[in-house]
Amino acid sequence: MNEQPHAVVESYSMTNVTGMASIASSSNGFPTPADPVTAIGNVNTLDEVHYASTDFYIGLGLAVSSSLFIGSSFIIKKKALLKLASGDTSQRASEGGYGYLREWMWWMGVITMGVGEACNFAAYAFAPASLVTPLGALSVIVTAILSSRMLNERLNLLGSIGCALCLLGSTVIVIHSPKEEEVGSMAELALKMKDAGFLIYVILVILATGFIVVYVAPRYGHTNILVYISVCSLIGSLSVLSVKGLGLAIKETLSGHQQFTNWLTYFWLASVAMCVSVQLIYLNKALDIFNTSMVTPIYYVFFTTFVILASSILYKEWSCLGASDVIGNFVGFLTTIIGIFQMQLFRDVNISLYQVQKLVSRPSASLANADFSSSSTNLVDDYCMRQSNSNRRMVYT
């Protein structure tokens, strides 16, 4: 009678010791040989984490490279247009001419932009859209810095602070953005497309866009800057989803899983062509009517917001984030928005660090006595020249 409890205690002790040994060995990162299933599972999990981490950094590198190429392309094309402007003015783009087609430098700019867009396209296949899209603000920084160095355009104190804010916001977004995605194959994407949330979002976007195009745009399109930008942003969110889906198909094909026999690949391809066409048409309308300094930051805010919303609905990019990362993403995005607005809206204000120091040293001085005359031009504003009257300077939009 006494041997049975002793046996139970001994059995418990042996089990406890074995369990502790298993825990001790696994705590060093090496699974116990006695549990091959756990060992295989741990190895697979480590491989998946490593693969996801590699994809994230590849996508991050492509997104940054895209901004560098696209930002540089504006400078190269601008130099070609300036070279053309010094000759026959009838060949200028603003006069309806196509002389820039004979400039090799302009074509270099087009090729550079093409490389940048290709990098951007590839980045969506590796990294979450909520990371790639906000990083598009870096191209604005590249353009602002290079234009001040190579085109002799002024980058005032407020513009420099705006660049710093954009860099700060982008860094915060990179730190807190999703590092892995819930959708890793076309089969998973096909299942996600059946979600009620995604279907409702697509229907609402189509209905809202149709209402704006048919009813709102003819009445208020020429007086309200938000009309055309809303169309671009709503359709733009669908175009990014389509680009990401098409990129996923190409990525799977290159890894050995043929997707060009999948009808979903051609659906995404047609969707990209359609959405981008509508997006370009209404963006050009907004730029033709309103000041570029207003269109650029507002479009960035609207477009990025809808892209983050759409990607979180379809690709569930934010499902793995904690509260601190979600807050970090919002703070980084808001910081980038402030930087973009500051660079664009105050680019013509003639203010320097010396003037700030002068105002601080003389608190009683009135701001009205300070010289804030407009003396700089914006790079984007120089593409399409518009003569308003003989007393005003040429403004390019």
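The chain as shown is numbered from 1 upward.
Every residue, even glycine, has its Cβ placed from backbone N, Cα and C.
Which of 56-76, 350-370 counts as transmembrane segment depends on TrEMBL, and there it is 56-76. Within the same chain, residues 105-106, 108-110, 112-113, 115-117, 119-120, 122-128, 131-132, 135-143, 146-147, 150-151, 174, 179-180, 379-380 sit at least 6 positions outside the transmembrane segment (56-76) and bring their C-beta atoms closer than 8 Å to a C-beta of that stretch. Of the candidate ranges 131-148, 196-218, 225-243, 295-315, 327-346, 327-346 contributes the most Cβ pairs within a distance under 8 Å of the transmembrane segment (155-176). Listed by sequence, the residues of this chain that lie at least six past the ends of the transmembrane segment (131-148) yet keep a Cβ under 8 A from its Cβ atoms are 56, 59-60, 63-64, 66-68, 70-72, 74-75, 78, 116, 120, 123-124, 154-155, 159, 163, 166-167, 169-170, 173-174, 177-178, 240, 296, 300, 303-304, 307-308, 332-333, 336, 339-340, 343, 379-380.
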